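Features of the protein shown, as given by TrEMBL:
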| type | residues | note |
| --- | --- | --- |
| ACT_SITE | Asp106 | active site |
| ACT_SITE | Asp332 | active site |
| DOMAIN | 88-460 | domain 'Peptidase A1' |
| DOMAIN | 153-185 | domain '4Fe-4S ferredoxin-type' |
| SIGNAL | 1-22 | signal peptide |
Amino acid sequence: MASLFLCFFLCLSSLIILPSSSTINLNLSPIPTSKSSSNRWDFTSDVVKTAIERARHLKHPHKNTSSTTSALHGATSIPLYARSYGGYSVYLSFGTPPQRMPLIFDTGSSLLWVPCTSKYACANCTSSKVEPFQPKLSSSTRVIGCRNPKCGWIFDADEAARCGPGCGSNCSRGCPSYVLQYGKGATSGVAISETLDLPGKPVRDFLLGCSLLSIQQPAGTGIGGFGRAPTSLPSQLKLGKFSYCLISHKFNDGSRNSKLYLASKGEKIPIASEVKGGKIEYTPFYKNPTKAPYNEYYYVNLRKITVGKKHVKLPYKYLVPSRSGDGGTIVDSGSTLTFMEQPLFESLVKELAAQITHYKRAHDAEAFSGLGLCYEIKEARNVSFPKLVFHYKGGAKMLMPVDNYFSYVSDLGVWCLTIVTDASLDGPSVHVGPGMILGNYQQQNFYIEYDLDKQRLGLKKQKCV
């Protein structure tokens, strides 16, 4: 990895310099991959490994390494697609004229970036027919200068540090190149200002990452950061709310999608067709007591977990962030499977196993897949598992559909728990970062609303279509 990062900076210097003179709804869909689905077992194991790598990144994030946007008015929606490797994607258009680009929908990071220029290179990436964004074809592309306040959104260093020695008041140096890590993957590029072309609502002077080199990313796909930092889409557009309802994973790349709604401050989201019956329950967001990097995550207060009618005994220190910022629960659309620190996970598995006595435990399947709890069940339907409920502060709860916490692996005729842990992360007595990461697999078929005006998360069990 270190040698590849070095290559990033060596190659960046040789690439063509970009010209410096010059409530919406989106469709969400799962992200494509070139992996064959013929061996579901190998794929399941890969999903587990990817989830754990993602958790390691969120718990040990790497800060960027160095070498006035218009607000949205009204509400709009964008198609949101489920993809085969376990993520969800949106298509956004940038530039003048607009160029349409796929981005992974990610509430666990903030910068939006796209594969950029004809010299874009991606190591250990899947093949793609998607063309990179071409700044030379856009009349609205501008390089972000080192003195531009938006450069400070990416880098914590002060202006003098960003610009380097010998850069006076008339210095025209660009913002330093960024390097971002996502689990085993990474990307590097330069910050540009562009026009974001939302449906009927162009947003000018939008900060966008123009990535020139990447490692282990879905080829042709960028990242759409929806986190809490200034670089994110909700922050740049000054959104009051955004919401989504994730369709079920089929781990393929179909055309089915749901809507990602965006609404400006004070505006309502037109959810009548999305939420039917009952009411939306809310739980407050809260800030991690420390500063970067954890303050860009959406933290909620998980009060308890019930299995059947029994409360799971959970160590309190993992549920609420300490003064050092460790612990607590974050909501992350970029993680496929929910991650729990080992003590939380072991308590949950112990209670589930105690109540599931009518099926035979599949220990070999657990060892092969990395999943912590599997049962030998030949039937793909009509299974019986105890109810699993996550209870949050304020009374909001998630009563999980069975398919949200157990998945059928047809190759071996087993059902496995789709919540993971990593025993090697920090050891049994030391933990760093969030204690639990609520992944998108457990968010399927829930209407989920990020009410940024009132700093709360809305939840409603709902069949997503």
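Just so you know, glycine gets a Cβ as well, placed from its N, Cα and C.
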The domain '4Fe-4S ferredoxin-type' (153-185): mean pLDDT? 86
Would you kindly give the Cα-Cα distance separating Asp106 (active site) and Asp332 (active site), rounded to the nearest Å? 7
Count up the helix, strand and coil residues in the domain '4Fe-4S ferredoxin-type' (153-185) according to DSSP, in that order. 7 helix, 7 strand, 19 coil
